[in-house]
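Trainee: What Swiss-Prot records for Lys117, Lys170 is N6-acetyllysine. The substrate binding site annotation in Swiss-Prot covers Gly306, Glu330, Glu368, Tyr370, Asn526, Glu530 and is backed by similarity to another entry. Annotation comment: Swiss-Prot describes Arg352, Asn353, Glu354, His360, Asn361, Glu523, Ile524, Gly579, Ile580, Asp581, Arg582 as ATP binding site, evidence class similarity to another entry. What Swiss-Prot lists as region 'Disordered' is 604-626. Taken from Swiss-Prot, the feature phosphothreonine covers Thr620, and the record attributes it to similarity to another entry.
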Amino acid sequence: MLMQAAVRLVRGSLRQTSWAEWGQRELRLGQLAPFTTLRKDKPLSDRRSELKRRLKAEKKLAEKEAKQKELSEKQLNQTTAAAATNHTADNGVGAEEETLDPNQYYKIRSQAVQQLKVSGEDPYPHKFHVDISLTQFIQEYSHLQPGDHLTDITLKVAGRIHAKRASGGKLIFYDLRGEGVKLQVMANSRNYKSEEEFVHINNKLRRGDIIGVEGNPGKTKKGELSIVPREMTLLSPCLHMLPHLHFGLKDKETRYRQRYLDLILNDFVRQKFIIRSKIITYIRSFLDELGFLEIETPMMNIIPGGAVAKPFITYHNELDMNLYMRIAPELYHKMLVVGGIDRVYEIGRQFRNEGIDLTHNPEFTTCEFYMAYADYHDLMEITEKMLSGMVRSITGSYKITYHPDGPEGQAYEIDFTPPFRRISMVEELEKVLGVKLPETSLFETEETRKILDDICVARAVECPPPRTTARLLDKLVGEFLEVTCISPTFICDHPQIMSPLAKWHRCKEGLTERFELFVMKKEICNAYTELNDPVRQRQLFEEQAKAKAAGDDEAMFIDENFCTALEYGLPPTAGWGMGIDRVTMFLTDSNNIKEVLLFPAMKPEDKKETATATETPESTEASPSV
């Protein structure tokens with residue numbers, strides 16, 4: 001009977017306990033008395049005693065868990081209650097809240113906002129009319145004298161709270177920031193529309209909140225320009241604990257993944273993107289004045305053309321076919337020149353399925369233009385005028401200082417004073433290597449490829465397969481010529497084997513009328529006199545197709561539509577392209593391309609620990625895009 005009663009007791013306990021909970025308890029109880037020991041061959045009294053021990057242990061364990069849970073909840077409730085009390089009775093500063101764990105802070109802040117909604121207050125109003133920007137306010141009233149208070153002028157401003165300081169219960173200071181400037185809000189109960197509302201609004205506001213302020217311009221006795229509010233409105237509460245400006249936001253992973261937070265806390269980031277915008281604006285204005293027409297071309301193409309690069313592939317459901325993301329807009333531009341639009345340009349995104357490193361991002365911005373009745377000599381002059389004028393317009397000088405290894409590394413002076421240095425690729429390579437290369441007319445032979453291969457091996461210059469002549473030359477140029485280019489330098493007259501879209505050199509057989517502009521060892525521009533012979537163009541496309549078949553993923557496809565367009569006649573034309581991102585890096589002294597992209601490509605956080613970074617070399621031939 002006792003055994004049956006015990007079994008009923010156990011079954012009752014099982015009914016009250018979920019199987020998941022029972023499984024956990026069984027595992028823990030098994031350490032005291034495993035169920036496998038409760039065997040029928042033991043005497044009944046032993047089995048009864050063992051079962052009692054187990055039930056007693058299970059009960060103690062359950063009581064212990066309940067106490068721990070109750071204690072944790074009690075501590076959290078006490079913390080929440082204390083913080084909630086501070087939220088309404090701490091002179092509005094909320095300093096104690098900022099000692100909390102960020103998760104607790106978020107919970108408390110969310111509850112406070114929910115309470116506002118329940119009470120009928122809208123913490124997210126639809127509209128707040130702003131009379132004057134913070135920048136304009138500072139410009140117009142900075143002349144005030146200490147102690148001035150213009151009670152006859154009432155203005156409305158808005159911004160984000162970055163600091164909150166109480167000087168007693170009736171005087172609270174806020175640092176309001178926006179547009180890269182700071183304005184102090186001097187909230188005094190005497191000037192507010194009512195004492196009760198003064199207390200209420202200041203108890204609500206926290207660092208990070210976006211607020212609207214209606215008040216009078218003034219200056220404190222210490223000379224701090226301020227707005228003295230008659231009324232303040234919560235426009236959008238910040239639910240997260242905002243890092244203090246004193247410490248800033250320095251972690252790069254957080255900065256790149258949460259760019260909005262980076263912009264809130266780091267004004268230098270805002271300045272970089274202002275400079276980026278100025279660069280694009282200057283280029284547009286420069287080309288517009290030369291009579292160029294800005295155009296837009298497709299970003300998804302049946303054939304990826306215009307550059308030697310590996311494309312991204314997507315799929316079009318309706319057409320039931322693969323499409324390629326644009327690697328360069330060049331071929332479309334030249335078709336438009338065939339159609340009679342003699343000067344065209346486009347500023348836009350390109351996509352290349354290649355490596356991510358300090359100077360490469362799979363999605364990047366370029367400017368390309370094509371100019372009928374011009375050659376690469378004309379484009380060198382235009383490049384010098386554009387870049388030197390841009391640098392001087394934005395920085396005030398032709399010379400800039402750049403830190404390629406970061407702020408703590410060595411500083412270099414880059415001089416954009418025209419004219420820029422010019423070197424011929426093959427001649428300079430022979431000079432630096434101290435060897436005589438085969439005649440450029442023989443660069444397409446296997447003998448030349450073997451000579452270049454041997455030079456790379458002897459000089460320990462790495463070149464992953466396929467070790468084609470074009471790739472070997474590109475590696476040698478990168479190793480021995482590009483590294484000498486600190487101030488702007490044109491590397492000119494590339495071999496035809498490296499430039500399937502460029503026109504052959506009018507004086508040097510085997511070469512093309514092409515140049516690349518390097519600054520601080522990095523390519524920023526690429527341009528050439530365009531090949532407009534449809535027969536020769538088709539031959540070069542076929543050679544590229546052979547290279548692709550041999551394993552070169554970056555080799556070009558044959559574009560029949562483009563070849564057909566050339567058959568209608570492309571006038572003598574020169575084409576040019578520049579990487580906006582790299583130019584921005586130099587003018588903002590940034591050594592990482594992620595610093596000048598608002599939302600750079602990043603590995604998913606759960607993969608960043610295990611994924612290995614890959615580095616892909618720059619293309620040996622681009623459209624004039626880089």
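Positions of Cβ are set from backbone N, Cα and C atoms, glycine also.
Let's see these features in context: how buried, what's close, how far.
Mentor: Within its own chain, Lys117 (N6-acetyllysine) has Pro123 as residues 6 or more apart in sequence whose C-beta sits under 8 angstroms from its own. DSSP assigns Lys117 (N6-acetyllysine) to a helical segment in the three-state reduction.
Under the DSSP three-state reduction, Lys170 (N6-acetyllysine) is assigned to coil, being neither helix nor strand.
According to DSSP, Tyr370 (substrate binding site) sits within a strand segment.
The DSSP secondary structure for Ile580 (ATP binding site) is helix. Ile580 (ATP binding site) has a Cβ environment of 22 other Cβ atoms inside 10 Å.
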Trainee: Take the Cβ of Arg582 (ATP binding site) and count every other Cβ within 10 Å, whichever protein chain it belongs to.
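Mentor: For Arg582 (ATP binding site), the 10 Å Cβ neighbour count is 24.
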Trainee: Determine the most Cβ-crowded residue among the binding-site residues Asn361, Asn526, using a 10 Å radius around each Cβ and all protein chains in the structure.
Mentor: Asn526
Trainee: What's the CA-CA gap between Arg352 (ATP binding site) and Lys170 (N6-acetyllysine) in angstrom, rounded?
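Mentor: That comes out at 60 Å between the alpha carbons.
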Trainee: Using Cα coordinates, what distance in whole Å links Glu530 (substrate binding site) and Ile580 (ATP binding site)?
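Mentor: Computed Cα spacing between Glu530 (substrate binding site) and Ile580 (ATP binding site) is 22 Å.
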Trainee: In three-state terms from DSSP, label Glu330 (substrate binding site) for me.
Mentor: helix
Trainee: Using only C-alpha positions, which one of Lys170, Gly306, Glu330, Glu368, Asn526 is spatially nearest Glu354 (ATP binding site)? These are the recorded positions in the record.
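Mentor: Comparing Cα positions, the closest of these recorded positions turns out to be Gly306.
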Trainee: For the recorded positions Lys170, Arg352, work out the Cβ neighbour count at 10 Å and name the residue with the minimum.
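Mentor: If we count Cβ atoms within 10 Å for the recorded positions Lys170, Arg352, the smallest count is at Lys170.
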Trainee: In terms of DSSP three-state secondary structure, what is the assignment for Glu354 (ATP binding site)?
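Mentor: The residue in question, Glu354 (ATP binding site), is coil (DSSP, three-state).
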